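Reviewing the structure listed below.
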Amino acid sequence: MSTSRRKSSVIAPPSNDSSHLAKLGHKQELQRNFSPLAMLGLAFAILNSWTALSASLSLALPSGGPTSVIWGLVTAGICNLALAASLAEFLSAYPTAGGQYHWVAMISWKEWVPILSWIAGWINVSGWVTLTASGGLLGSQLIVGAISFYHPTYSPQNWHQFLIYIAYTVIAFFINAFANSTLPYITKAAFTWSIAGFVIISITVLACASPTYQTGDFVYRDFINQTGWPDGIAWLLGLLQGGLGLTGYDAVAHMIEEIPNPTVEGPRIMIACVGIGLFTGFIFLSCLLFVLKDVDNVIETANGPLLEIFFDATNSKAGSICLLM
């Protein structure tokens, strides 16, 4: 088989996929040029669980401490796996890019379809707007924190971070708007980079911190409440970290018309990305807590908790910056 024929067999939508869409009242408009691995890379890049969880440690450490960090993630993971399984069931039946608003239209009472679909659609849009904003925010915080960490005389200003945030957002926009054909390669590279980074950083911080580690009792049982709220409320506030690190998996639904065999591959990918996020997040957060030295310093640092923990483990500014990258 020639190279051109192999390419066309990957890109051209299979007839059964197109006919399935036609039965749902939709015409195949998009090329199905995402492989299952590329789509998994896209979903996991959006979740980016272990990175998001570590970058948002400041949410959970003062609101429950290590118990909130670890067991809050497990709680959020179990709940999100249940939600992902539910959404995956809808996705297997109605594999359209509209996602939730279309599913609501398909299963609701006829007279309620317009208002319920409108509500579902706008809730989904609002969620994606805020999630996109939080990605740029965390990225800009890490960059400003790294500069402050390496140059103690630097005095960060709000507008510095805002300009970095704008640059991050504009670059992401141009990639999505004008380099769409390269996205499958980018997402596969992002998935590989993320998993490799998870392994390298976990091993490095444990090796550099040896033999000085926190106890297992501290990592899995210690409770901290610096919020001023009752302990139960504080722990619930700490769940925000676990929720942030395991959200956005419905991206698979909104890209489902760009993957072959969507009724099978889509649900698998949706559940798999949450499972991988929970697994990598649990191990990575455990490693960070084992090498952490002063929890109060990590909570209060202006450099960001992740960078401070890296420095605790490596005792090297250059090494900490390299791990952050």
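Every residue, even glycine, has its Cβ placed from backbone N, Cα and C.
Keep in mind the model is a prediction, meaning the values are calculated, not measured.
Listed in TrEMBL for this protein:
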- 1-20: region 'Disordered' (REGION)
- 37-57: transmembrane segment (TRANSMEM)
- 69-91: transmembrane segment (TRANSMEM)
- 103-123: transmembrane segment (TRANSMEM)
- 129-150: transmembrane segment (TRANSMEM)
- 162-179: transmembrane segment (TRANSMEM)
- 191-211: transmembrane segment (TRANSMEM)
- 232-249: transmembrane segment (TRANSMEM)
- 269-292: transmembrane segment (TRANSMEM)
Intrachain neighbours beyond the transmembrane segment (269-292), with Cβ under 8 angstroms and 6 or more residues off its ends: 36, 39-40, 43-44, 47, 49-50, 53-54, 57, 66, 69-70, 73-74, 77, 80-81, 84-85, 87-88, 91, 195, 198, 201-202, 205-206, 208-209, 213-214, 218-219, 242, 245-246, 249-250, 252-253, 298, 306, 309, 312-313
Residues from the same chain, set at least six apart from the ends of the transmembrane segment (37-57), whose C-beta lies under 8 A from its own: 69, 73, 131, 135, 138, 141-142, 183-185, 187-192, 194, 197-198, 240-242, 244-249, 251-252, 255, 258-259, 265-266, 269-270, 272-274, 276-278, 280-281, 284-285, 288, 298, 304-306, 309
Residues of the parent chain within Cβ reach of the transmembrane segment (191-211), under 8 Å, 6 or more residues beyond its termini: 37, 40-41, 44-45, 48, 50-51, 280, 283-284, 287-288, 290-291, 309-310, 312-315, 319, 323
Contact between the transmembrane segment (69-91) and the transmembrane segment (129-150) (at least 3 Cβ pairs under 8 Å, separation 6+): no
